[in-house]
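Here is what Swiss-Prot says about this protein:
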| type | residues | note |
| --- | --- | --- |
| DOMAIN | 1-141 | domain 'Globin' |
| MOD_RES | S3 | phosphoserine |
| MOD_RES | K7 | N6-succinyllysine |
| MOD_RES | T8 | phosphothreonine |
| MOD_RES | K11 | N6-succinyllysine |
| MOD_RES | K16 | N6-acetyllysine |
| MOD_RES | Y24 | phosphotyrosine |
| MOD_RES | K40 | N6-succinyllysine |
| BINDING | H58 | O2 binding site |
| BINDING | H87 | heme b binding site |
| MOD_RES | S102 | phosphoserine |
| MOD_RES | T108 | phosphothreonine |
| MOD_RES | S124 | phosphoserine |
| MOD_RES | T134 | phosphothreonine |
| MOD_RES | S138 | phosphoserine |
Amino acid sequence: VLSDNDKTNVKATWSKVGDHASDYVAEALERMFFSFPTTKTYFPHFDLGHGSGQVKAHGKKVGEALTQAVGHLDDLPSALSALSDLHAHKLRVDPVNFKLLSHCLLVTLSSHQPTEFTPEVHASLDKFLSNVSTVLTSKYR
C-alpha cells in the first residue's frame, strides 16, 4: 500500500519525468532486452535493436499507461483493468517480466534523475511499480 508520502514522491518524480516518459520507458525496454534476453520472446516481430521505432512505440504505450496509473494511485485496478485483461488473456506475459521491466525502469530513472532519486523516492517508485505489476497480473489467477 502506498503511503501519502509515497504518493507524493511518485507524483513529484513522474511530473519531472514529464514528456520524457516514453523515451525513458523505451530505454528501460532496451535495457531489459539486453540484460534479460528471455524477455525478447514476447516481441518476435519487433526490431529490438538500439533506437528501434517499434521499441520506442511500445515505450510510448507503456509510458502512457504509467502516466495514467500515476493519475489514479488510489484506484489502480480500475485504471489498469483493460491492460490487465490484455496481458493475462491475450498476450499471456510471464508475470516475472513486469518485475524485470520495473527494475530496468528504476535504473533508467535513477540515471536520468540522479539528484531527485533519493533512497526514499526509490522506495516509493519501487512500491508503485510493484503495485502496477500486481494489478497487471491479478487476472492471471
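Glycine residues also receive a Cβ, built from the backbone N, Cα and C atoms like all the rest.
Since we're looking at a predicted model, the values are computed, not measured.
Sequence features annotated in Swiss-Prot and their locations in the structure.
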{"residue": "S3", "record": "phosphoserine", "Cβ neighbours (10 Å)": "10"}
{"residue": "K7", "record": "N6-succinyllysine", "Cβ neighbours (10 Å)": "16"}
{"residue": "T8", "record": "phosphothreonine", "Cβ neighbours (10 Å)": "13"}
{"residue": "K11", "record": "N6-succinyllysine", "Cβ neighbours (10 Å)": "15"}
{"residue": "K16", "record": "N6-acetyllysine", "Cβ neighbours (10 Å)": "13"}
{"residue": "Y24", "record": "phosphotyrosine", "Cβ neighbours (10 Å)": "21"}
{"residue": "H87", "record": "heme b binding site", "Cβ neighbours (10 Å)": "21"}
{"residue": "T108", "record": "phosphothreonine", "Cβ neighbours (10 Å)": "21"}
{"residue": "T134", "record": "phosphothreonine", "Cβ neighbours (10 Å)": "15"}
{"residue": "S138", "record": "phosphoserine", "Cβ neighbours (10 Å)": "15"}
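Taking the Cβ of S124 (phosphoserine) as reference, residues of its chain lying under 8 Å away and at least six apart in sequence are, in sequence order, L2, N5, D6, K7, N9, V10, T13. Sparsest Cβ environment among the recorded positions K40, H58 (other Cβ atoms counted within 10 Å): K40. K16 (N6-acetyllysine) falls within a helix when secondary structure is assigned with DSSP. Packing around S102 (phosphoserine) is summarised by its Cβ count: 19 other Cβ atoms lie within 10 angstroms of its Cβ, all protein chains included. Put simply, of the modified residues T8, K40, T108, T134, S138, the one whose Cα is nearest the Cα of Y24 (phosphotyrosine) is T108.
Rounded to a whole number, the distance between the Cα atoms of H58 (O2 binding site) and K40 (N6-succinyllysine) is 13 Å.
Each residue contributes its Cα atom, and for T8 (phosphothreonine) and K16 (N6-acetyllysine) those atoms are 12 Å apart. Taken through DSSP, the domain 'Globin' (1-141) splits into 111 helix, 0 strand, 30 coil.
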